[in-house]
Amino acid sequence: MKYIGAHVSAAGGLANAPARAAEIGATAFALFTKNQRQWRAAPLTPQVIDDFKIACEKYHFSAAQILPHDSYLINLGHPVSEALEKSRDAFLDEMQRCEQLGLTLLNFHPGSHLMQIAQEDCLARIAESINIALAQTEGVTAVIENTAGQGSNLGFEFEQLAAIIDGVEDKSRVGVCIDTCHAFAAGYDLRTPEACEKTFSEFGKIVGFQYLRGMHLNDAKSAFGSRVDRHHSLGEGNIGHDAFRWIMQDGRFDGIPLILETINPDIWAEEIAWLKAQQIAEAMA
């Protein structure tokens, strides 16, 4: 079964997120558990935690269907020790919030070397940052998102994702989230079914599908191989509809959150309905 949804707002309280997801016909959703542009947040209260869990149960969302995203400020590969510690503390807090909420995944951007340390050193710092957080939490998997490779961001090559995983001690609690826009901008072609098969065959060999714990389904305003991160609505960008139809009809993408971060929330319900329809078309073929 495919879990299909979008990154919904938690404005007014975390318990509002499941309701907003249900309103657009989603069977999965992503959210921020705190303000993504601030370092600190008030601790979760028992009431907030209970309300969120009750809402998830009411709208039939299990932890496997929810892909929280951490703060954009965090850089787990930061070259400066003080800033690295600040990011590690914030990441641990994000992991602990997920643990409190009964969530089992935390999606994050791996990190940037800021042109100050070698790529290999940055990747090693990211892996060690994950190890530190995993040692102090239980039940939450750290889900590394591939990037477009903009600026000094790492994680844009499958080999980089594999290198981070290789440095993580508890392989059972690390995974990846593949963002289609980011992959395309990083030079992984997705414009035809044949291109999709080639790209994901490469992913399977280098990273492994056993580590795929979620996806972000986004078309791309940015050009192929441009290393520029610009999302677009499905079928309106440079990737086109074929990739998303192909994903919907491939069983390797079952049972994980498939999350829209496309640019027009007003048509998320339509995009979700279209994605669902591709599965039906395959079943009837």
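Don't overthink the numbers, they just go from 1 along the chain as shown.
Cβ coordinates come from backbone N, Cα and C, glycine included.
Binding site for Zn(2+) 1 per Swiss-Prot: His69, Glu145, plus His109 from the candidate set His109, His231, His232, His241. Asp179 is the only one of Asp70, Asp89, Asp93, Asp179 that Swiss-Prot places in the Zn(2+) 2 site (with Glu145, His216, Glu261). Excluding the listed site residues Glu145, Asp179, His216, Glu261, the same chain places Asn107, Asn146, Cys177, Ile178, Thr180, Cys181, His182, Met215, Asn218, Ile259 with Cβ atoms within 8 Å of the centre of the Zn(2+) 2 site Cβ atoms. Of all the Cβ atoms in the protein chains shown, 17 others lie within 10 Å of the Cβ of Glu261 (Zn(2+) 2 binding site).
Looking only at Cα atoms, His69 (Zn(2+) 1 binding site) sits nearest to His216 among the binding-site residues His182, His216, Asp229. Listed in sequence order, the residues of the same chain lying 6 or more apart from Asp179 (Zn(2+) 2 binding site) and placing their CB within less than 8 Å of its CB are Glu145, Asn146, Thr147, Met215, His216, Asn218, Glu261. Looking at His182, His216, His231, the binding-site residues in this record, the fewest other C-beta atoms within 10 angstroms of the C-beta turn up around His231. Cα spacing between Asp229 (Zn(2+) 3 binding site) and His109 (Zn(2+) 1 binding site): 13 Å, rounded to the nearest whole number.
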